Amino acid sequence: MLEESESKEPAMNPFQKNESKETLFSPVSTEEVRPRPLSLPKKPPPKICGSNYPLSIAFIVVNEFCERFSYYGMKAVLTLYFLYFLHWSEDTSTSIYHAFSSLCYFTPILGAAIADSWLGKFKVLSLVGLSLIALGTGGIKPCVAAFGGDQFEEKHAEERTRYFSVFYLSINAGSLISTFITPMLRGDVQCFGEDCYALAFGVPGLLMVIALVVFAMGGKIYRKPPPEGNIVTQVAKCIWFAISNRFNNRSGDIPKRQHWLDWAAEKYPKQLIMDVKALTRVLFLYIPLPMFWALLDQQGSRWTLQATRMNGNLGFFVLQPDQMQVLNPLLVLIFIPLFDLVIYRLVSKCGINFSSLRKMAVGMILASLAFAVAAAVEIKINRMTSLQPGPQEIFLKALNLADDEVKVTVLGDENNTLLEESIRSFQKMPRYAQLHLKTKSQDFHFYLNYHNLSVYTKHSMEEKNWYSLIILEDGKNISSMMVKDEENKTTNGMTAVRFVNTLHKEVNISLGADISLSVGEDYGVSAYTTVHSGEYPVVHCRTEDKDFSLNIGLLDPGTAYLFVIINSTNHDPQAWKMEDIPTNRLSIAWQLPQYALVTAGEVMFSVTGLEFSYSQAPASMKSVLQAAWLLTVAVGNIIVLVVAQFSGLVQWAEFILFSCLLLVVCLIFSIMGHYYVPIKPEDLQEPADKQIPPTQGNMINLETKKTKL
């Protein structure tokens, strides 16, 4: 009863000396502050092995590991799923990938509003977030980091700071294992004759169920701060009232106020206004941050697509393009203790004030350098890729299927020799010969010398095309046919194959559940067919009277192959293999420097930003500020989506564009951070004796009709 009378008294007589922390003006009826019950002393929460770390954070960290395994495991194969399974273009796959990522980081605003105003962080995590994965990521992301921070008492602030590093370690441990395993489930396991995307998506789904179970196990020992009203709505209304009140009272006779949010004092509590001031100061600092995420999140899209055009054979292991992403969480696990225990301490001993905002600025610079390196790698890839025939130009390759050497001479219109070469039987030609035309289309004269036989033939060829001259043997005679190769043999880092059938019967070839082709008899030539890279030890073939299989071996990504089906005297027909376009010899290991730079930038930017967001957030708005932090990730993904769809730049130029944009943003952020004064926890509490009366001078004339004493 004593508690009730004291909580009601200020509303009855606001000018009493024994005021609580309430402002002199009570809020209007819709915003009244509810009296809080007397808080009894609570038993200290159990600790981990006698330390100051609450036992509850163990469940939170394990839950985060499983949830991040699910999320990053699914994202690891998402781009290649769009590319290879749905057959979307690189730009479309990149756009949809970042649209999905953006949506995952927009929903935390909804999750934060529900957590702070209705259910509380614990119930959002367990009931909403983990039950509905699609919307659940919005419930999980803004709550789990802040919920872990809530487990610490204020006197253990140092342990709480280290918790955020451990929390980030759990994120990247889950990401490390999932980004290594799920591509293996996709590429090494066959489902219905194709890559097993069902298994690659199913295992992360199972880990999400485990995350729910683990999190629920710690339910009885969590510290669960109660929700404090619809804080998002209160913030929006407070800001709107301050703006409208200032606009309605813009007369020069009305005294100015120290801060524009002080114009909400007639309606809202002083503590809420102070919290909103702290919130808006940090939100203003967040404005430049999306550009960093625009670069960081391209590891799963543009960098993965770059890896498809590189050689993943490391000698002891063949690395899938989407497995390169495993470098990021692996390096994070290495860099976090390295930076915390070594680098930051050395910088501190040198007398340098390496504040949180300075760490974030350095992280931006490192990410910018990473994209400059990625651009250099892209240029190197383009130089090693096969050239394209230009105007009045063709590429020609001869394939000798006769049983002995054939000398090939190519003459132009004026009988000038353009090409003269002796080709052994089934010789693998390393490259195309480049021939120039006088017009867009031109006839070429071919002389084939075989034993004592000379054969003449004429073929017409058009500019900007690839051609293969196939030399055939018919008894003691030879002939030739000209085959126009496809303009784009390999797309999106996939493998292209075509077959020449020397048998006297048509052959039907099955390369997978949905990939089959027919090759005509007597030197029939198939068109190029795009397949997945990997081992093909058994390719089922069938003629009208016989079934047999071919071993075509390992197919490297980005390579075009020609297979000649030939008779074998003692066995079934066999396949002779030749590379039309050789695999890109640039090793995928060349991506290591860009991953190292961007990961170092992430450790300095993201880990620091998580702790900074929590430390600068008022107690009632920690989930809101965490959601705002995640919202910058969403905006960053939208930036990538827009650039991918509308820039029209070649890939290396796009990388340079992002690198330069982040440098400019880093400069702006550094200027903003220079004038930012970090908030101390005691600054967020309003002293009882330090209240500004709202009625000073002619303040009674303010147009705030809903205000009441």
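Cβ atoms here come from the backbone N, Cα and C positions, even for glycine.
Some features that TrEMBL has for this protein:
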REGION    1-39  region 'Disordered'
TRANSMEM  69-87  transmembrane segment
TRANSMEM  99-118  transmembrane segment
TRANSMEM  124-144  transmembrane segment
TRANSMEM  165-185  transmembrane segment
TRANSMEM  197-217  transmembrane segment
TRANSMEM  278-296  transmembrane segment
TRANSMEM  326-347  transmembrane segment
TRANSMEM  359-377  transmembrane segment
TRANSMEM  624-643  transmembrane segment
TRANSMEM  655-677  transmembrane segment
Recorded stretch, among 165-185, 197-217, 278-296, 655-677, maximising Cβ pairs under 8 Å relative to the transmembrane segment (624-643): 278-296
Beyond the flanks of the transmembrane segment (326-347) by 6 or more, those residues with Cβ under 8 Å of it: 72, 162, 165, 168-169, 171-176, 179-180, 299, 354, 591-592, 595-596, 598-600, 602-604, 607
Beyond the flanks of the transmembrane segment (655-677) by at least 6 residues, Cβ under 8 Å: 281, 284-285, 287-289, 291-292, 294-295, 298, 302, 355, 357-358, 360-361, 364-365, 367-369, 371-372, 374-375, 378, 643, 647, 649
Top partner of the transmembrane segment (278-296) among 165-185, 197-217, 359-377 - counted as Cβ pairs under 8 Å: 359-377
